[in-house]
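> Have a look at the structure that comes next, please.
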């Protein structure tokens with residue numbers, strides 16, 4: 001009987017089916033927000049919409065965000081695709097590309113947590129990620145560039161690196177080592193695309209790369225994994241390199257300039273102050289905001305209030321909340 005076979009299938013694949021249901025709910029929730037015209041748009045998204053329109057209807061092929069020397073435009077190309085698929089330009093179509101990448105991020109997280117821990121914990125992780133605070137959901141729906149790509153490529157890089165590390169065996173036939181080399185190329189490609197999209201992903205890539213270096217160093221150095229990774233990275237980063245060559249810029253120097261806004265870490269001593277400031281703001285603002293921190297007035301958030309200095313009480317509670325969540 002068909003019903004019996006369906007029940008057997010569901011029982012046998014209960015974790016996968018549950019994961020699919022949670023991901024469907026998460027993506028559906030974000031699409032519902034889009035149809036309700038939430039969140040409100042802003043100037044950055046307006047630029048992304050202009051780029052998507054020019055790609056879709058004027059044959060343009062930009063490689064970086066208009067007016068910037070960094071940040072890729074995957075969201076603009078996806079927006080152009082959905083403009084055609086949905087019959088014309090709209091904010092919902094533009095944002096659908098963002099939600100699509102967030103959906104793929106959930107898939108990567110399910111496989112990553114299942115690989116490292118268990119499928120039960122993977123389901124718990126998906127359930128926690130499926131909902132969140134207003135700023136959290138905003139970054140997963142608005143097309144301003146960088147956020148969804150950082151999630152997707154960061155998780156995918158860790159998934160590839162973790163699988164390579166866990167499956168590595170020193171004494172295996174040469175053919176096995178050779179068959180694994182394309183995965184190093186895939187890791188490099190993901191890393192390159194991630195860096196092109198937004199250099200903020202570098203800490204994730206550094207940790208994933210360190211994982212490979214510690215557990216797969218023989219395959220990297222002896223069997224040519226580093227070369228495959230380099231080729232993949234150059235392919236993924238090619239749009240940024242092409243733009244930089246045409247403009248006479250160094251994309252990696254641009255990364256260091258972003259720390260402070262001018263100069264590099266080498267010739268700008270104040271840059272380290274900017275880096276420390278970013279770390280503090282991550283603990284005191286970013287993490288509390290993303291996790292729905294409820295204990296400080298809005299006016300004490302510099303990007304929402306009138307730049308009123310934080311009270312000592314608010315600063316202590318924010319630091320405790322952010323630091324505890326981090327660790």
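Counting begins at 1 with the first residue displayed.
Glycine is treated like the rest: Cβ placed from N, Cα and C.
TrEMBL: automatically predicted annotations, no manual curation.
Features from TrEMBL:
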- 14-38: transmembrane segment (TRANSMEM)
- 93-113: transmembrane segment (TRANSMEM)
- 120-138: transmembrane segment (TRANSMEM)
- 150-169: transmembrane segment (TRANSMEM)
- 181-214: transmembrane segment (TRANSMEM)
- 220-243: transmembrane segment (TRANSMEM)
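Are these features on the surface or tucked inside, and what touches them?
Remote same-chain partners of the transmembrane segment (150-169), defined as residues 6 or more beyond its termini with a Cβ less than 8 Å from a stretch Cβ, comprise 101-102, 104-105, 108-109, 111-112, 115-116, 140, 176, 180, 183-184, 186-187, 190-191, 193-194, 197-198, 200-201, 204-205, 207-209, 211-212, 214-216, 219.
Long-range Cβ contacts of the transmembrane segment (220-243) within its own chain (Cβ-Cβ under 8 Å, at least 6 residues beyond either end) map to 63-64, 69-70, 72, 177-178, 180-182, 184-196, 212-213, 249, 251.
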> List, by number or range, the same-chain residues at least 6 past the transmembrane segment (120-138) whose CB is under 8 A from its CB atoms?
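For the transmembrane segment (120-138), the far contacts come to 15, 18-19, 22-23, 25-26, 29-30, 33, 39, 106, 109-114, 289-292.
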> Who are the chain neighbours of the transmembrane segment (14-38) in space, where the CB to CB distance is under 8 Å and they lie at least 6 residues beyond its ends?
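Residues 91-92, 95-96, 99, 102-103, 106-107, 110, 114, 119-120, 122-123, 126-127, 129-131, 137, 140-141.
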